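Enquirer: Sharing a structure below in C-alpha cells format, with a few things to ask.
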Amino acid sequence: MSLPNAFVTLLTTSSYLPGALVLLHALHDLHPAPRDFQIVALVTPETVDAATIGELRRAGYDLVIGVEPIGSGKAGQVGLELMGRPDLNFALTKLHLFRLAPFFSTLIYLDADILPLRPISHLFTSTAPHVFSACPDTGWPDCFNSGFMVIRPRESDWDGLKGMLKDGEGEDGLYREAGNGSFDGADQGLLNEWFSEDGGGGDWNRLSFTYNVTPSAAYTWAPAYKRFGHKISNVHFIGPNKPWTSLPGRPAGVSNVKGKENSYDYLSLIDRWFAVYDKHVRPASALDPDISRRFAVPQTIAAWDSHANQARAAATVLPEDKLDLSELKAATERGVNAFKPGQYTSLPLEGRVDLIMPKPKAIPRAPISQLVASSTIAPSVSPSALTPPPADAAPAPAPAPVPTQTEQKTAQPSVWDAQRSSPPASAPPEMSVPHAYYHNAWEAPLSQQSSYYAHPESHRPATEHKEPEYPTLPKEVTGDSWYARFATSTPDKRAISAVFPWEEKSYGPGYGHGSRPKPERVFPKGEEPLPSLVQQLIHPLQPPSISIQNPTPPHPAHSQHQSHATGMGMAGQAPKSPSPPPRHVSMVEAMASYKNVWDDIPQIGRYVDIMSGKTGGKSVRGVSTRGHGHGHGHIQGHGQGQKQPQAQTHERNTSLHSLQSVPGTPRTQYSTFGKSPRLTNARNLERRESFEQPEDSADGDDENSTSASEEEGGKSREGNSSKPYKGNKKYKDRWAQTDRVKTVDETVQTQTHAGEEAAAGGLKMWGLPHASAHGRKSSKEIPFPIGSGNGRAGGGGQREAQTQHQSTYYEYQQQHPHSQQSRQGSMASPKPELNVRLPDYSFDFKGATSHAQGLAQAQAQAHGQPQGQGANPNLNAQHRHRPSGSFSTIYGGRGRVWDPNTDVEVRRRDSQEVLARFMQGSLGRG
C-alpha cells in the first residue's frame, strides 16, 4: 500500500499563526474536496504555546506533529548576522521533513508566509523521479530557495544532514568558517551544500520561478512581472515584514491599492493575502456586524425552563482527541499511518518521549574538600579508603593487589558556582559565611547592657570564638627567591624607610643627637573598661552630693557656720552614708550628675555674670540673694544650707557694693552747657528724687529695677538715699545715667517753668519758647502716662497723671489763647489725645558736629530777643530737644542741639572706664 502525499508547513513561533491559517484555507480553496493528500503542520511545543496548536487543529489541519527545535547555536550566529536575519535561529528545524519517510511518500513544503495563487498538487507526480526539487533564489540563482521544496524523504538524507552538522565542528572544538556546516547559518545553506553536485544527496531539480516568486523592494524586474505575472503560482513574502504585521491597523475589506495599478504590484499581492484572511480567519462580526444583535438586551433563561439544555448536558460527549472503539479497530486494520483529522502526534529525536530540548549535561565536579585532600594525597589512593568504617560494620574484604602499571587519572578541578549552590561547609575561611545573629545592645535593659562592655576574658567562653585556619604558602613559593621578600612571615624592619625626620632617631634616655625621648602617652586597648562618665550611665547612679559655693571668700566664722549648716561641702565633707540598693534611673537623672569643671572656680563665674549683665538670673541693677558664684546657686538637699540673717545681710551688702559700681552713660537731665551751676544743681536734685521712685520698663532690664530681696533691705537704703554707698570707691553717681525716653508732641509743648515736674510714670515733652521771632509756639510740659512692664505705673498712677495733665493743659490754654493758632494759618488745632501713637525720635550722630557749630548763633539769637516778642527767658534754645523727621519743619528747620555729654567719643571713653573698674573689682574680690 502506497503512502499518501502531504502539504507540510513549519511553525516555530506563535507569531506565524496567521500565515499558517491563510496557507491552509488557500490550499482548501484551490484544491476542493475530495483531496488525495493531507495538510500537515510541524510545530515545536517548546517555543509554541498550546493555544496556537489548538487553533491549527481546529482550523482544519489533518495532522499536527510536534518536533524538537533545532537551533543554529553560537556557531551559526555569524552567518545569520551576515544575512541580517537573526530571527531564523530555529530554521534548521526544517530538517525534520526528512524524518517523515515512514509516513508520506512525497512532500510539498511551503513556508507559513507563502500564499498559493494557483493549484500546485500536480507537482506530486510531475517532479518524479527527482528526490529534491526547488526554485532558484533571487539573490543567487545558482542556489535554490528553501521556502518551497518538493521532497521525497529518505533516511539517508537525514543521516547525511546530521553528519554535516557534526562535521562543522573541527577536531579542536572550533567551528570552521561557516560554523555549524551551513554557510548562512540556517537551513538553506546546509541544504544547498547537501543537494549539489559535490554533496551527498545529489543535484537538485530546478523548478520554474513562478512557483516561488519573492517580491521585495530590494529586487524586482517590473517588465518580467508584467509579462509572466499571470503564471505566478505562489507568492513568498520574504523579509522581516510580513502581511499580518499590519493587522491591528487594517480593518476588514479595505484595499491599499488606489488609482492606477503600479508596475510593481506588491500592494495588490498584499490585498490578495488579506482577502483570504478576511474570508476565513477574521471573525464574521467584523465583516458583517449585526447592529441589532450587538445592542440587544441579554435575556436570562431559568435553569428549570431549559430542559433541552439539561438533556444535552447529560449526554456523554467524547473529546475530539479520543477515539471510540470502532475507530480504534479501524486504525489497527489500517496501521499506524491512519490518523483522525486534526490529530496531534509527536516525533521526538533519538527515541526520547519528551520534545523539550535536553539541558547540557553538567560535568560532575568534586567537592572542594576532596580537592584540598587530593592536593596532599597521592592520586593512586582512593578517597573512600581514607574514610574509617563504622564500628558495627562488618570487616571489609582485603583489597585486591594494585597492579604495577596503573593509570593515573587527572581529576577535573572544581570551582564553587555561587549561582547554583551555597558555599560548601568545609570551604576555606575566605569563602565561609558567618551564620550569627546579633541583637541590638540599645534594645536591652540597662542591667544587661553592662555585660556588653565587660572584659572578654571574664564573661566570654573560651570556646565561643575560634580563629580560622588560613592556608599556608606552598613550598614552591616559599623556596623561590623571587618571592623571598613576600613569603617571609615577619617583615624586615630595615626595608621600611622613615617618613618624618624625627623617625630616623632612635629612642634614648636623653635629648641629644641621635636619640629622641620615649613617648609617655599610653592609649587604652580596645577591650579596656569604659571611662567613669560612661559607667555612671551604665551602672545605677548614686545620689549627687550637696554643695554650696559663695562668690567671694566669706569670713572665717561665717564659713564655719555655713559648713555646719550645710553638713556637706566642697572643703570638708561628712562621711558618706551607705549607698542605697542599685535601681534603674532615667536619662534625666543620669544627666543631672554632670557639671562643668569651670563651675568650681568662683572667679570665672563672677566674671561671666558681670560680662553677661546678670547675677544669679537677675539684672545687673537688681540685687539677688543667690550666693552661688557660678550660676548654680539653688540649694540642694532637704532644708540644708539655709543662711542666717547676718550672713544674708553681709552677702547682700557685698553684692550691692559690687553691683552699684556699674555706672551708665554720664548724662544729666538737662544740658549744662552754658547754664549756671545753681540751675544745674537744682535739676540734678530733681533727677535724684525721680530716681528714688521704683520704675521698671517692660523688658525687665531697666536701670531702676529691683528684686524682692532688695525691697527687704529698703530701710537701710532710705536712710541714706542722698548719699548711697559713699564708702565704695568704685561707685559712681547713679543718676548720672542715660535719660529715659522723652517725646515731644506736635501741637502741645512743655511748659516753661523749670521747677514743675511731671506726674510719676509719665514722659515729659519739652518744646520751644512761646511766640518766638520765627513764630514758634509756646512750650508746655505735658505729663504723658505710660504703663510699665510690671504694672507699677499703671492703675491709679495713670489716672492721677491724666487728671493733673488735663487741669494743667486747660490753665495753659486760658492764659495763652493765641497758642491755639497753627503755624500755617488760622486753623485751630484740635485737643491732643494722649492715646495717639507718637512717631519715633532719632538722633543723627553724624550731624551733631554741624549742629554744634551753630550753637553760638542760636544762643545769641535767643538771649538777644526783646521781651515784647514773647521769648521765654527761662529756657534757652540750646536746651531744647528737637525732633527729627517731619517735626524738623515745625521748629524752623533747625537740627537737634548737640550736648557735649552725649557725644559718641565721650560715651565710648566712659564705657571703657566702666569696664576697667569692673575688671578691677572682680579681680580684687577674687
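Any Cβ shown, glycine's included, is placed from N, Cα and C.
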Enquirer: Using only what Swiss-Prot says about Mn(2+) binding by ASP111, ASP113, identify which of HIS236, HIS280, HIS439 is listed for that site too.
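Expert: Answer per Swiss-Prot: HIS236.
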Enquirer: From the ranges 163-216, 379-432, 487-540, grab the one Swiss-Prot calls region 'Disordered'.
Expert: 379-432
Enquirer: Just counting, how many other CB atoms are there within 10 A of the CB of LYS94 (UDP-alpha-D-glucose binding site)?
Expert: 24
Enquirer: Which residues, same chain and not among ASP111, ASP113, HIS236, have a CB within 8 angstroms of the centroid of the CB atoms at the recorded Mn(2+) site?
Expert: GLY19, LEU110, ALA112, ILE114, GLY147, PHE148, PHE237, ILE238
Enquirer: Would you identify the secondary structure of ASP111 (UDP binding site) according to DSSP, in three states?
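Expert: In the DSSP reduction, ASP111 (UDP binding site) maps to coil.
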Enquirer: In sequence order, which same-chain residues at least six apart have a C-beta under 8 angstroms from TYR16 (UDP binding site)?
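Expert: Spatial neighbours, sequence-distant, of TYR16 (UDP binding site): ALA112, ASP113, LYS242.
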Enquirer: Work out how many Å separate ASP111 (UDP binding site) and GLN188 (UDP-alpha-D-glucose binding site) at their Cα atoms, rounded off.
Expert: 12
Enquirer: Checking your reading of the structure: which of the binding-site residues LYS94, ASN145, ASP184, GLN188, HIS236 lie inside a 10 Å Cα sphere centred on LEU10 (UDP binding site)?
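Expert: So far as Cα distances go, the binding-site residues lying within 10 Å of LEU10 (UDP binding site) are LYS94.
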Enquirer: Would you find the one among the binding-site residues HIS236, LYS242 whose Cβ has the most company, meaning other Cβ atoms within 10 Å?
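Expert: Of the binding-site residues HIS236, LYS242, the highest Cβ count within 10 Å belongs to HIS236.
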Enquirer: Relative to the Cβ position of ALA112 (UDP-alpha-D-glucose binding site), how many further Cβ atoms are located within 10 Å?
Expert: 24
Enquirer: Taking the Cα atoms as reference points, how far is ASN145 (UDP-alpha-D-glucose binding site) from GLY239 (UDP binding site) in Å?
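Expert: Answer for this pair: 13 Å between alpha carbons.
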Enquirer: C-alpha of GLY239 (UDP binding site) to C-alpha of GLN188 (UDP-alpha-D-glucose binding site): distance in Å?
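Expert: One finds 15 Å between the Cα atoms of these residues.
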